[in-house]
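Novice: The structure is given below, and queries will be raised subsequently.
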Amino acid sequence: MSANQDYIVADIGLADFGRKEIAIAETEMPGLMACREEFGASKPLKGARITGSLHMTIQTAVLIETLVALGAEVRWASCNIFSTQDHAAAAIAASGVPVFAVKGETLEEYWTYTDKIFQWADGGVSNMILDDGGDATMYILLGARAEAGENILINPGSEEEEILFAQIKKRLAATPGWFTKQRDAIKGVTEETTTGVNRLYQLQAKGLLPFPAINVNDSVTKSKFDNKYGCKESLVDGIRRGTDVMMAGKVAVVCGYGDVGKGSAASLSGAGARVKVTEVDPICALQAAMDGYEVVQLEDVVSSADIFITTTGNKDVIRIEHMRAMKDMAIVGNIGHFDNEIQVSALRNLKWTNVKPQVDLIEFPKGNRIILLSEGRLLNLGNATGHPSFVMSASFSNQVLAQIELFTKGENYKNEVYVLPKQLDEKVARLHLAKLGAKLTELSEEQAAYIGVKAQGPFKAEHYRY
C-alpha cells in the first residue's frame, strides 16, 4: 500500500471482476435497492461516519454502497480472517471506500485492520458502528476500560485474545486517550449476529454499555431467514467445495438446534444425509425430535458419524477427546461465529497437512485423521461464499434501517439493546415479495378490527413467535 492508499486488499486488479458480481448481486437484493430509492435523495446518513466490521463479501459490497448512497462515510474490515472475497474488497477499495480485508489474513493483521477502520484520514472519529460478532465494539470498549486504569489486559484465554491485547497495548502506547475519544463519539451500534448480540446483552446487564444498540439479529426477517434459509443453502455448499464428499447416506451430526442449527440440519438432510442433533435446551431438542431428527449425546455417535457441524455460539462443543474418537476421515466444521466451538487449539501439536486453502487433514497418534474446514471458523464463508444475495438483502435492509434509526433518532434511546419495531420488520419482508412473485392477501377493515390489528399492519403482537 502506497502512502496515499487508504486501503489494504489482496489485489486491486480484481476490482473489475468484483464490480461485475456486485451488479449481479444488486438484482438479487431488492430490499437494499429499495432503500436507495426511498432514502437516496434525503440522505438520512449524511454526517454518519460508520465503522463496519462484517464479512467483506459481494453482498456486503452492496450494503456498503447503499450506506454511501444514503450519505454515510464508511470504513470497513472483515469480521473473520477467512471470509473476505478478495474481488469484492478490491471493487469497494477502487470505488474510494477504505477497506482493510484479505482472505486468509493473519490474526495480527485482523486486529490491525480493526484498528484501522477507526482511523479516519482527517484525524476524526467514527460516530456509528456496524458490527458482526462484536469485535469492533469490544475493541473500543476494552481499550477504553484499559485507559481508565482497569487491569484487564492480562491472562489472555486464547492465542487470539493475546494478539488482541497486544494490539490494544500498541494503540494505548501510541495514542493515549484514543479509545476513550472513540467510545465517547459513538452514537450507537447495530449488531448482525447472535454472538455479538449476546455480548451486548452481557454488557447491558453489567451496566457497561456506553451507547444504544440495535439487535438486528433478532429481527424476524434476519434470524428466521438469514440464520435458517441462508444456512440451508450455504452449509452444504461449503462442505462440497471443501471436500467433494458425497453426503447422501452419510451420518451427519448437527450440534445445536437454534435457527442456525435448524437451517443446517435441513441443509444436510436435503443433501441426503442422515442427520442427528445434539441440544442442551429441551425446547429445541423437542423441536428437533418432532422435525424427524434423532436427538443424541455427542459421545454416543462420535465414533460412527461422518460429518460434524457446530452451530451453537458456545465454546468447547467438540473437544479434543471427541475428535480423537472419530472415525478416519470424519469431516469437522463450524457455522457459528467464532472458532472456539471446536477445540482447534488442542489440535495444534498434532500433524497437520494442508490440502488446499481452508482444508486441513489432521492426524492423531493412533493413525485416524479428520478433515477440518476453515480451521474451525465459519465454513460457509471460508470454504464457499456464504449465504445467497437474496437472503442477505433482508438482513442488510435491517442494518440500513437500524443505522438510520440510531443516527437520526439516537437521543430517543437509552444505553440499552433494542430491536427494530415490527412495522419495519414487516416492511423488509414486503420489499422482497415481488422478486419471488408473491402476492399478499389484504384484510378488510372489518377483518382487521375483528383480530385487533390495522389493515396495513403490523399484523402480529410483539410477543408473537414466528
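Cβ from N, Cα, C; glycine included.
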Novice: Hey, Swiss-Prot has substrate bound by T57, D132, K222, D226. Any idea which of E21, E26, E191, E192 it lists too?
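Specialist: So, going by the record in Swiss-Prot, that would be E192.
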Novice: Below 8 Å Cβ to Cβ and six or more residues apart, same chain only. Which residues does that give for H337 (NAD(+) binding site)?
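Specialist: Residues satisfying the criterion: D132, G133, T193, T194, T195, G196, G313, L378.
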Novice: Check E192 (substrate binding site) against DSSP and tell me helix, strand or coil, would you?
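Specialist: Reduced to three states, the DSSP call for E192 (substrate binding site) is coil.
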Novice: If you measure every Cα to Cα pair among T57, D132, E192, K222, D226, the residues listed for substrate, what is the largest value in Å?
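Specialist: Farthest-apart Cα atoms in T57, D132, E192, K222, D226 are separated by 17 Å.
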Novice: Determine the minimum-neighbour residue: among T57, T193, T195, listed as binding-site residues, which Cβ has the fewest other Cβ atoms within 10 angstroms?
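Specialist: It is T195 that, of the binding-site residues T57, T193, T195, has the fewest other Cβ atoms within 10 Å.
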Novice: Name the one residue among G256, G258, V260, E279, I335 whose Cα is closest in three-dimensional space to that of D226 (substrate binding site); these are the binding-site residues.
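Specialist: Spatially nearest to D226 (substrate binding site) by Cα position is V260.
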